[in-house]
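What Swiss-Prot records for 10-27, 32-54, 64-86, 91-113, 123-145, 157-179, 219-241, 262-284, 288-310, 317-339 is transmembrane segment, and it gives sequence analysis as the kind of evidence.
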Amino acid sequence: MISIVKSKSFGLAAVMTLICSVAGIFLAKLPYVNLIGALVIALLLGISLQVLPVGVREEAAPGIGFISNKFLRLGIILLGFRLNLTKLADAGIKTILVAMLGVSGTIVLTYWLSKKFGAEDELAVLSACGCGICGAAAVMGVSPQIESRDEERKRENEVLAVAVVCVMGTVFTLLEIVIKPMLGLTDSQFGIVAGGSLHEIAHAIAAGSAFGEASLDSALIMKLSRVLLLAPVALIIGYWYQRRLVKESAQDHTQAPKKLPIPWFLGGFILTSILGTFLPFPPVVLDGLVQAAYVFLGMAMAALGISVNFSVIFKRGGTVFGAAAISSTCLMIFMIIMSKLFF
């Protein structure tokens with residue numbers, strides 16, 4: 001690892017992806033563009049770098065691979081500082097329970113529909129987690145738990161899953177803002193709907209802030225309740241995938257993976273959420289750590305954009321987009337009902 005960090009390839013890759021990541025953070029603060037979110041903007045900027053000469057991209061390739069893997073995990077760990085467990089506890093058990101129902105139901109429904117529509121397993125799982133938990137960060141957090149024999153295909157699936165949650169999240173953000181006056185919800189109830197149904201944290205913030213502080217506060221608490229489920233969901237999916245591989249290997253008389261991959265970075269995610277909650281960090285320090293998380297995640301997303309083959313992706317997109325549209329609609333309806341009944 002030290003040798004690659006010292007290499008020219010890593011330096012070139014770091015400069016390319018850092019520019020994309022920082023630009024994504026600043027562009028995400030602009031009106032309307034904020035609906036997309038910093039991570040997706042970084043991905044799109046990474047895609048734009050595919051116009052660079054082939055020689056430059058080939059020289060950066062080892063560093064790009066390192067950043068897409070290691071920086072992703074570092075970003076997920078630091079993202080834990082965004083979770084304030086005390087605030088989640090204050091919101092009450094009903095908030096966590098509703099989040100659990102929404103997340104689990106959406107993951108199962110999106111996965112089932114994706115398979116029905118002909119999507120491959122890995123793509124169905126990643127899209128389901130992105131729709132159910134927290135968008136691009138969930139896709140990238142769950143992906144390391146999925147064993148794959150074809151790394152290029154896996155990268156294509158990651159980008160396609162991110163594209164799904166970006167498009168669906170943006171569409172449903174606008175839809176929920178438009179229909180809010182027709183729903184008979186208080187501002188706080190609408191925040192619950194936005195935080196419980198929209199895909200990215202950026203989407204929840206954009207919708208919640210449209211109707212004042214009460215709406216925004218509710219949206220953030222509900223959304224972070226879903227983010228809290230990232231670690232357990234990734235563990236469950238890793239275990240489930242491992243069991244499936246063992247079973248398939250027994251049937252095919254091939255060698256199965258010997259052990260479940262240990263998601264140490266998810267342990268770090270939980271640890272940082274505990275540290276951020278119970279240690280007296282100044283707000284400016286916590287904000288800085290969360291910003292650092294998005295810088296590293298943005299670099300990983302840009303690296304993904306630089307290295308992926310999009311001509312293949314566009315041919316396979318329809319199956320998961322249809323599934324995500326249906327499951328996102330069901331999740332929105334579920335959250336409207338829950339907000340009226342319990343909040």
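Note: Cβ is positioned from N, Cα and C throughout, glycine not excepted.
Comparing 10-27, 32-54, 64-86, 219-241 for CB pairs under 8 angstroms to the transmembrane segment (262-284), the maximum falls on 64-86.
Note: the stretches the transmembrane segment (10-27) and the transmembrane segment (157-179) are not in contact (fewer than 3 CB pairs below 8 A, sequence gap of 6 or more). Simply put, out of 32-54, 64-86, 123-145, 219-241, 288-310, 123-145 has the most Cβ pairs sitting under 8 Å from the transmembrane segment (317-339).
Counting Cβ pairs under 8 Å to the transmembrane segment (64-86), the top-ranked stretch among 32-54, 123-145, 157-179, 288-310 is 288-310. The transmembrane segment (91-113) and the transmembrane segment (123-145) are in contact, since at least 3 Cβ pairs between them lie under 8 Å (pairs 6 or more apart in sequence). If you look at the transmembrane segment (32-54), the same-chain residues 6 or more away from its ends with a CB under 8 A from one of its CBs are 16-17, 19-21, 23-25, 135-137, 159, 162, 166, 169-170, 173-174, 200-203, 205-206, 294, 297-299, 301-306, 308, 310.
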